[in-house]
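Before any comments, here is the structure.
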Amino acid sequence: RRKLRTDVAAAFPNLSAEQLTEFIPNKEELNVIKIYCHKGEAVTVYMNNRNPILFEIEKALYPTVYTLWVYPDLLPAFSTWPPVLQKLAGGADLMLPGVVVPSSGFPQVERGTVCAVTLLGNRAPVAVGVATMSTAEMLAAGMKGKGFAVLHTYMDHLWEYGDKSYPPTLAPLVTDSAEKGSAKDEEEMEGKEPVISFSTDPLQRVDVGDLSLKERDSCAILMGKEELDEDRAAETAEDTNTEVQQEAEDSRTPQEQMDALFNQCFFHALKCKVKKSDLPLLTSTFLRSHMFSCCPAGQQLDIKKSSYKKFSKFLQCMQHQKILQVKELNKGVESIVEVDWKHPDIKAFAVPEGFSSASAAQDSKSEDREQVYRAPEIIPLYGVSAKMVPLFQESGHRKGSILSSSEVRNIIVNYVKTNELVDETNKNFVKVNAILCDCLLDKSEQDEISNLKWDDLLSRCLERLQPLHQVTFFGQEPVVRKGNIEPIDITIAQRSSNKKVTIIKNLELYGLDPQCVANTLQQKVQASATIAPIPGTKDRVQVQVQGNQIHHLARMLLEEYQLPRKYIQGLEKAPKLGRKK
């Protein structure tokens with residue numbers, strides 16, 4: 001603890017003795033943990049009161065945003081526009097065109113200086129980075145190029161490790177006497193929700209409202225400033241067409257209005273649409289088939305415009321209130337498994353006027369929406385295994401690094417060209433050096449093979465990497481899983497009295513609700529369809545339909561659901577159609 005206090009004092013000389021004692025207290029619990037980032041770098045994190053306060057990379061100390069919210073002037077700060085925060089949280093560095101030049105000028109920093117990044121209108125830092133050039137070099141470059149290598153941001157995984165609190169509202173330091181009068185009102189609002197504007201400019205007022213983002217994932221969905229402006233204009237147009245009751249709520253920010261709409265549709269769906277027999281219910285089906293049908297006319301649910309940003313975060317909040325319980329029955333696929341219909345919030349909810357009389361129309365709408373299914377985007381990925389590390393370490397990759405097939409190809413091509421391994425006599429062949437021999441050849445081949453064709457070289461490399469795949473469901477963050485994705489498996493089984501049944505497995509992996517598929521099939525083929533647990537597995541189910549229904553299944557999966565044929569196994573077992581007389 002004494003050594004850490006000495007290191008902190010050396011790294012941040014701006015801290016007074018009192019602040020240093022408060023920062024690293026003598027008696028309070030101080031925990032040290034080691035984590036590994038996605039590139040494999042080891043990072044030491046210092047925790048105090050359950051919040052990370054410092055992190056150390058290669059013996060250099062950096063403060064977290066939690067620390068900077070207590071000591072906002074600890075680092076020289078540079079300001080950027082609020083929409084840029086989402087790009088920084090998504091892993092981007094801060095480019096100089098996105099830095100706002102203040103009237104008082106930039107703080108003087110040198111290359112390699114640790115700096116804080118704030119949003120325009122709020123002094124509370126939202127990111128920590130290292131300057132890639134000095135202040136003089138930034139101005140000399142015409143404010144073009146990369147300005148700061150970002151190490152940590154609000155909403156990333158390190159922030160998630162703490163109490164997930166949001167940036168406080170800290171008024172900017174006002175030096176101009178003409179601005180001091182307006183600054184008084186801002187100072188009075190410190191500590192309140194960060195939706196208070198610091199400017200009379202309407203666009204800037206909405207931008208500052210974005211500071212109340214509650215997204216807790218480091219990979220944010222990116223939207224440009226123009227798209228945000230268009231969305232705000234669309235919201236304004238929608239607001240003018242709403243009822244008198246909604247007009248009275250115009251004083252709320254668009255984000256607060258979307259939060260209220262999500263709450264209304266959520267409780268409406270639980271009270272009127274979902275039955276106990278529907279559970280477990282895929283969260284994607286609950287949103288698409290139940291909540292959407294409860295949305296009032298002229299309005300549209302858009303999770304990105306709410307403070308939650310992700311539907312999973314919204315459900316987590318409801319789970320904390322003990323309204324429902326969500327479980328991951330299959331990896332990356334969440335389902336609602338329990339609902340407390342006796343919860344006071346559900347009981348107290350009153351169904352909005354116009355829904356009770358038009359319930360039949362709404363039910364038919366929900367059935368139509370149920371058919372709107374978007375096939376997930378599936379991308380095969382490859383992990384660097386221990387045996388393949390020598391081949392990939394030249395390009396800066398380590399064991400466990402995740403690459404796409406095109407990245408693997410580029411790395412191999414660059415390796416061959418850098419080491420001059422292309423055969424001079426025939427450029428279709430590559431000479432096998434010691435590293436290629438160890439990584440790609442079996443022991444029986446090492447004395448026999450000295451050259452490999454390009455295609456053979458690349459295919460051998462992909463075979464020896466660890467298979468992974470990334471699944472991206474519509475409106476959700478990508479999920480990376482180990483191994484190759486299991487296809488939808490369709491089999492025909494024989495039952496008593498020579499009856500056949502069609503069994504479908506692995507629907508959940510593609511975001512399909514087995515119960516919905518069973519109901520749809522039952523209506524289309526006019527045969528019994530049931531859900532049953534898969535023998536030998538936990539919390540996995542299969543759909544069983546009477547008869548050989550592969551023709552109907554193929555049409556539904558390939559044409560209606562637009563799933564690629566390569567992800568469906570067993571279509572060749574369809575019954576042969578007899579000749580029509």
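Residue positions begin at 1 at the first shown residue.
From the backbone N, Cα and C atoms, a Cβ is placed for every residue, glycine too.
For 230-253, the entry in TrEMBL reads region 'Disordered'. Taken from TrEMBL, the feature compositional bias 'Acidic residues' applies to 230-241. Under the heading domain 'DM2', TrEMBL lists 380-464. Among the features that TrEMBL reports, domain 'SUI1' is placed at 488-561.
The average per-residue pLDDT of the prediction over the domain 'DM2' (380-464) is 88, rounded to a whole number.
Counting residue by residue with DSSP, the domain 'DM2' (380-464) contains 42 helix, 14 strand, 29 coil. In terms of DSSP secondary structure, the domain 'SUI1' (488-561) contains 29 helix, 24 strand, 21 coil.
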